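See structure below.
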Amino acid sequence: MVSKLSLFRANSLPFPVFSSYSARFIHKPYPKPKTLIFCVFSSNLSSTTVPYGPSLLKGKKPLVDDLRLASIGRDRDAHRSKIGDLDESIETGVLLNEDEFTRVFEISAIRVPAKDCFALENRLRGHLLNWPRIRNIARVPGDEIEEDVVKLLGRETEDEEEDSIVDSVDRRIRGKAEGDGERLSSVLHRDKLARTFNSTGYLKFRNLAKISRPKRKRKTEKATERKEKENGSRRNEMAVVEVVDARGGAEDFEGLLGEGYGSRGRWRGSTRLLLLDEKYSGEQVEDLPEAIKVLFAEAKITDVSLSFELVKCRVTLFYDYWPMIEILEAVLPKGIVVPSAFEMVGHIAHLNLRDEHLPYKRLIAKVVLDKNQPKIQTVVNKIDPIHNDFRTMQLEVLAGNHSLVTLVVENGLRFHVDLARVYWNSKLGTERQRLLLGFDQNDVVCDVFAGVGPIALAAARIVKRVYANDLNPHAVEFMEQNSVVNKLEKRIEIFNMDGRRFIKAMFSSEKGRKVTQVVMNLPKDAAESLDAFRGVYNDRPRDEGLSFPTIHVYGFSKAPDPEFDFHERIRIALSEVAVDVKMRKVRLVAPGKWMLCASFILPKSVAFSRKNLSYVD
């Protein structure tokens, strides 16, 4: 799916949080290949005004030992191998120290039994830690038990619990489980059947092996488990929650399992942590809101008091947690506009960096790639304006793989696109959809500048017939491929010629008699190409039943009155003053530069014009 993000915004707006950031770069004005940019962050950060929630300004930088402990269980190496700090695909290395973005926050949490955590979460939702992408409920490492073991424990009393566990396991090992009403394991059950003897001898079971074979998991169950595993690893990569002792010990987990855990001598069950709002950090029970005090009062009455307590926690947020804008705000020098928007074309992120960004283009590209994987696999920047007739862009690969061939899905169709050889603009997806709403099943469409076929192929699903043309042979090749991929090759006819020649050839043939819609989506030259319609019906009798198609032409205008300016250019190209045009603005492509769409029915006087034509074959 093609999507686009918001526009650029300066790093001084609207968040004063980042105004105190300072960074210095050891670099040359424009880094040459193999030049490294080192990012060093200052530690004198002030947090006078900060928004709610975590911030790079509010958190503390961990010590080396703390960082090592917080990274336990976090698959950082696997994640980094996916991105690569010094990836071979990036010609110019960018050393971005991701540990500089690790922040530690001290908060309080309520340790509760796992079976009650969701009910208590709903009850205390207004007092919990509502940070983005951080769950209010945290698991407690080392305080878990497998479900199979829980079933094995049974419901014995506490005095007989330990002995019963040993006896039950012993009976299962020796195959004596039937005596106490428990089922034999599948392996022992199969072995027992194999040794059964009667009047016919030993029993032979044809499907004996299937008895002990594990049941196959359904595809949905496998997909769910895989998704949960991926989500869990991704969550571990961005944040780690640890329980610390009230005295501040980093490796003392008394607060995890309750006071006097060593003397208590018995495991009290699986627990969870309800993370409280950051404003309650360091508070005692008597200083907490009444809703929380009531819970502790209820816990004293019931038997959950031993596993219900207030503990201190440490939440460590890593580089993966912070959004792209916040990272760029921190690493770019003060006063530089942060490039917070890019166009997505399949797996490619297309940037339009300003001159002030060029010294940091590799750094910006790495952050964009890190924060948008796996959806984004390549980051490119347009280095020159479009000047050639094929309207192909000069792109520079800044990060990721070097493949510019991608798959774009638009309007339910799949388009293979090579940005190095053809033109594609995802920002026009809405305009293309609007244009298609005006077509019906009786129309015959002629797309003069079709490109890889975003309009032509989408129209082929609606109308009778489509005739598509483009000057770029690579675009024609991709359009033919896309027509086959989308199973529309029988409803579209593709040509490779100049736009004016295509118009003349089409309307001088029998095919032109049935054309009802003409699309000319080449804003740079489409208006001037309208002169090809002058005299297209001169070789036909005027009383013959000819159709005069509706023409949709796109163009740019920098004039103070863009609609009037574009209308005048259409009149000049057609050499006709009385042209009833429906004009609309499509979008603002640059300051003072509008893209417009003009729709009008081809005038009969233009189609039978005898004036000298400017078109040269």
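First residue shown is number 1, and so on along the chain.
A Cβ is built for glycine as well, from the same backbone N, Cα and C atoms used for every other residue.
Under the heading region 'Disordered', TrEMBL lists 213-235.
Annotated compositional bias 'Basic and acidic residues' per TrEMBL: 221-235, in sequence order.
Per TrEMBL, the feature domain 'SAM-dependent methyltransferase TRM5/TYW2-type' maps to 342-604.
Taken from TrEMBL, the feature S-adenosyl-L-methionine binding site covers Arg432, Asp470, Leu471, Asp498, Gly499, Asn521.
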Quiz item: Of Asp470, Asp498, which of the binding-site residues has the most Cβ neighbours inside 10 Å?
Solution: Asp470
Quiz prompt | For the domain 'SAM-dependent methyltransferase TRM5/TYW2-type' (342-604), mean pLDDT (0 to 100) | solution = 91
Quiz item: How big is the S-adenosyl-L-methionine site in terms of the longest C-alpha to C-alpha distance among Arg432, Asp470, Leu471, Asp498, Gly499, Asn521, in angstrom?
Solution: 22
